[in-house]
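Taken from TrEMBL as is:
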{"type": "REGION", "residues": "73-92", "note": "region 'Disordered'"}
{"type": "DOMAIN", "residues": "151-189", "note": "domain 'F-box'"}
{"type": "REPEAT", "residues": "258-297", "note": "repeat 'WD'"}
{"type": "REPEAT", "residues": "298-337", "note": "repeat 'WD'"}
{"type": "REPEAT", "residues": "338-377", "note": "repeat 'WD'"}
{"type": "REPEAT", "residues": "381-420", "note": "repeat 'WD'"}
{"type": "REPEAT", "residues": "421-460", "note": "repeat 'WD'"}
{"type": "REPEAT", "residues": "461-493", "note": "repeat 'WD'"}
{"type": "REPEAT", "residues": "510-540", "note": "repeat 'WD'"}
């Protein structure tokens, strides 16, 4: 329709009795009729044609008279308002006739017509229409989808809810509760948490409820109510573990691994089944993690074992005898010996076919590991002016730290130098690198956090009284060990917040070692550390006794291994 014709048409429809245009069967016919009406004199004007007057008077008797008022708002459209006289008769037939005609129009014509009608109404009428439309536009899709045989879509939608929202959804109505129950959505929520959160995964393994997860609906799987009641218990366990970390509550286990010639445990790594340690007496000892008994001793190095790493196939060790040895993790057999460095191999890391070693000879060696027996030197990185004490790497960067007080960053793919991180006032003994974050410990007794991309120092942590010898971090915490014999737990997120006061960063100091702390590793439930005092300590924050022991110290279980 042309805009001018539409406006004129609607103006006439509002001012002319409805029975004149209700007889038209389409919008087009209505428009034609209304165009003709423009030439018909108003009922208020004198007309010489008697028949027209009679017809008009008859029509006026059938429908209430309307007085139309047109007002033009400033900078706005013409608004049409009308004042109705009280109804003088029954309009039901006319309404039915109007609706019948309206139903014959296309959807586009219907929408267009209604839009124009609404535009002629006042604000009060708009409010009534809005109240009428609101419930019509609302849809309970969770109830409607199963009725269409689409239960799986309703379940999939609700499966994205968190625990609090899922509880609320169960209270909406019985149908929502049925969808949640039959869809096993509490089970799916727990499975999602186990997949994405290491703490949940660890709890599922330790508390044995992982056997009820990631299985299809069978008779072996408990009902949804089991998982609903399990969820708050898991939350309670998590809150207890977090409180134990904050308060330093732990159960302590101690492995005494001294022998006649041993004077320290320099390095270690552990998993759920075993602890592998490198000792000053040139040996590698493998311990059962549950019984804490020594399972195997590997010998072959002619100097102290200073560093190690293992996976499911091999153990790789570095020694003060300047060699790197590769051992079969199951049999303990030596598979390979790498002779390259001129002095002690101080640290090493390997992953995805790449190994990086560093040495007291100030160099860094990058190796390609095709297999345990096929390891070739790719590149030697030179740039440090003192012993290179530690290395770490990922697909993007190799990071090294030295006694020359610097941290150097190299490209993993090209082995080219990238940048130097300066800030420590004395030599750097340890670091860990992940994503953009580097955390380093130094003989200046401080810990520094760095952004590897720009080289900026983000935070300095102070608290240790002697050289910081070992450091590890995860998403929540930094754990450090030093020559003062102390292990400190720091709040990582607070350390990354420049507004956090320095006094709030150290959560707890753990004191049990009687000598220098050489190495530590930790997860969500425990810290395992080794020391110059010839012990390995297991700090368990999950299985804490509640027999009233003093905070931060728990009963210890001691095992001593005597070499034969």
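Cβ atoms here come from the backbone N, Cα and C positions, even for glycine.
Keep in mind it's a predicted model, so treat the numbers as computed, not measured.
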| task | Could you give the residue numbers and ranges of same-chain residues that sit at least 6 residues beyond the repeat 'WD' (421-460) on either side and whose C-beta is under 8 angstroms from one of its C-beta atoms? | result | 386, 389-390, 392-394, 397, 399, 401-409, 466-473, 478, 480, 482, 490, 495-496, 498, 505
| remark: Mean per-residue pLDDT in the repeat 'WD' (421-460) works out to 97
| Cβ-based contact of the repeat 'WD' (258-297) with the repeat 'WD' (510-540), 3 or more pairs under 8 Å | yes
| field | Non-local residues, at least 6 beyond the ends, that sit with Cβ under 8 Å of the repeat 'WD' (298-337) | value | 266-269, 276, 278-286, 343-350, 355, 357, 359, 372-373, 375
| message | When secondary structure is assigned with DSSP, how many helix, strand and coil residues does the repeat 'WD' (298-337) contain? | response | 0 helix, 23 strand, 17 coil
| task | Would you kindly list the residues that approach the repeat 'WD' (381-420) from elsewhere in its chain, counting only those six or more residues past its ends and only Cβ-Cβ distances under 8 Å? | result | 343, 346-349, 351, 354, 356-366, 426-434, 438, 440, 442, 450, 452, 455
| request: Could you put numbers on the helix, strand and coil content of the repeat 'WD' (338-377), residue by residue per DSSP? | output: 0 helix, 28 strand, 12 coil
| note | Using DSSP three-state counts, the residues of the domain 'F-box' (151-189) come to 30 helix, 0 strand, 9 coil
